[in-house]
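Features from Swiss-Prot:
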- 15-35: transmembrane segment (TRANSMEM)
- 99-119: transmembrane segment (TRANSMEM)
- 126-146: transmembrane segment (TRANSMEM)
- 216-236: transmembrane segment (TRANSMEM)
- 250-270: transmembrane segment (TRANSMEM)
- 279-299: transmembrane segment (TRANSMEM)
- 318-338: transmembrane segment (TRANSMEM)
- 360-380: transmembrane segment (TRANSMEM)
- 395-415: transmembrane segment (TRANSMEM)
- 450-470: transmembrane segment (TRANSMEM)
- 493-513: transmembrane segment (TRANSMEM)
- 618-638: transmembrane segment (TRANSMEM)
Amino acid sequence: MTSALFIPELGQLRMILALCFAVVQAVVPLLGAWPGDRLWMSLAQPARWGQFAFLLFAFGCLTYAFMTDDFSVAYVANNSNSALPWYYLFSAVWGAHEGSLLLWALILGGWTFAVSVFSRQLPQVMLARVLAVMGMISIGFLLFLIMTSNPFSRMLPQIPADGHDLNPLLQDIGLIVHPPMLYMGYVGFSVAFAFAIAALLGGRLDAAWARWSRPWTIVAWAFLGIGITLGSWWAYYELGWGGWWFWDPVENASFMPWLVGTALIHSLAVTEKRGVFKSWTVLLAIAAFSLTLLAAFLVRSGVLTSVHAFASDPERGVFILIFLLFVVGGSLTLFVRAPVVKSQVGFNLWSRETLLLGNNLVLVVAASMILLGTLYPLVLDALSGAKLSVGPPYFNALFIPLMGLLMVVMAVGVLVRWKDTPVKWLVGMLAPVLLGSVALAVVAGIAYGDFNWAVLATFLLAAWVLLAGVRDIFDKTRHKGLLKGLPTLTRSYWGMQIAHIGIAVCALGVVLSSQNSAERDLRLAPGESMDLAGYHFIFEGAKHFEGPNFTSDKGTVRVVRNGKEIAVLHPEKRLYTVQSSMMTEAGIDAGFTRDLYVALGEPLGDGAWAVRVHVKPFVRWIWFGGLLTGFGGLLAALDRRYRVKVKSRVREALGMGAAV
């Protein structure tokens, strides 16, 4: 028991030791890479082991403090309570700023560890530089953690008898899965950044670095997309207003690096396969990681008031801003000073290179538009004190047409060839796709019963993407036959097809749920009912229940259609007793083609309640499409050629180690 009293101090010591190892990892291998000293470069390996092990130990210490209700630790006292269920005790470890930053540092250490383990066949000088850059990033976050955000600070000598409890919004499975997935994506872009900076330091921007960094970038992009999808799903059912995206600044902060990351993985493919867009690809790698740091600044600086933002103080914001400026300024300085790279490879207008460049431009313009809409109100407020809100009308008006254009380019890009595509051949490929898309869109519109132009256009674009993929599959298997040819297609190819289908499915969900949702607010007493979109909702009243750390008024709503009961929903109004916070828990009947969503408002006396009812068609397709896209990315990253062909690529690049 006595030894347990020192667990927080052990955790703090491990963070400091991890910082020491990060310094060794950042400095020694980089110094060794300059003259080609193998011994110094090899020290990156034990340094990354030490950093990751000590961060894992520190995270374990903080977890132990939560699980044992150690309220002498300020972070535990502020974000836990003895009545909190054990699974929320565990997720509370990263439920606020300090713990989430420790999780960020741990995941960064994990990415570094993974790169060093799975990249052993790289030239030693390249690997040393990559690990050194990742060590520098770790130094920044660990200094931020230790100096301004120590999760092990004590509340001595006055130890509270109980904690202040975890924010009721976070007492949900969403906290268990959403932040780790999001951070895996955020931090994962540091790998692409590290490879890009290592290539700049080596003075050689060839196709090799693109091949080495591409699978890591795809994995990071997939995790970030899955994290964003889970966050949207969490907000939908937890916040009680029935929405899944509000263009909140913190939502935008996660979406921007995903958009630039999407451009990056396509640009890496061009650089790897054709040796073009080399400088542009490096710039995208820098931008993707810089945007993740911007996201950290927006969430943790206190400049935003958002349901997603951590309450913070200006000191933390200044630290992150300095770190962001250091990373962006330093990397752009290296980029500008790098030798000009001229591609010796040409390509024509109708080529995959051109279409992927168009893909990149659309995605970067979309990200820039979101960046402008997110930062402009903050800059205006800082300079003049004027308050301005940039909301959904701005973002929807600009973003939706860009995404429509992207889906057009996406389908054509799958069918065109590298370097040059005969126009006659391309027309022959696209004509049946276009005709089939129009036919499918009309049939789908008739079956759906809505010829709204937005809905019809979305059906057309989704069919366009789907049929282009099918046409390409038939084209690639035509020599061997479909049954014999399908097994020869690579995981990377299938991952690309699945990800594109996921985008189409998500687009259908977005438009159909937005255009055709029905909503109604009404005062209902027990036994009263309402009708909405062909459904009959009968309110049977609410009963009082006691939870582990809350009290609840749980309603019962029966749903009838065509005289048959199809669902019983139980919306709740919860009072979390420790913080005296009132929360809404929606009652949802999820279906493949629609969600029935009921939320309780305020009690109105005599057993009556304000009741909000939504009927949301195809809303689940949004998250299914997002998860499908992420799965496609992970499948592509598992392609066998990244493991088998890496040896030949390394042999091609071995001259790098001797020349620089």
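Cβ coordinates come from backbone N, Cα and C, glycine included.
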What residues elsewhere in the chain lie close to the transmembrane segment (395-415), defined as a C-beta under 8 angstroms and at least 6 residues from its ends?
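Distant Cβ neighbours of the transmembrane segment (395-415) are 247, 352, 355-356, 358-359, 362-363, 365-366, 369-370, 373, 426, 429-430, 433, 457, 461-462, 464-465, 467-469, 471-472, 475, 496, 500, 503-504, 507.
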Any chance the transmembrane segment (216-236) and the transmembrane segment (450-470) are in contact, meaning at least three CB pairs closer than 8 A with a sequence separation of 6+?
no
Report, as numbers and ranges, every residue of the chain located at least six residues beyond the transmembrane segment (450-470) whose Cβ falls under 8 Å of a Cβ in that stretch; write 'none' if there are none.
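For the transmembrane segment (450-470), the sequence-distant neighbours (Cβ-Cβ under 8 Å, at least 6 residues beyond its ends) are 404, 407-408, 410-412, 414-415, 430, 432-434, 436-438, 440-442, 444, 497, 500-501, 503-505, 507-508, 511-512, 515-516.
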Given a Cβ distance threshold of under 8 angstroms, which distant residues of the chain, six or more beyond its ends, lie next to the transmembrane segment (126-146)?
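Non-local partners: 12, 15-16, 18-19, 22-27, 29-30, 32-33, 41, 44, 47-48, 51, 98, 101-102, 104-105, 108-109, 111-112, 115-116, 119-120, 190-191, 193-195, 197-198, 201-202, 209, 212, 316, 319-320, 323, 326-327, 653, 656-657.
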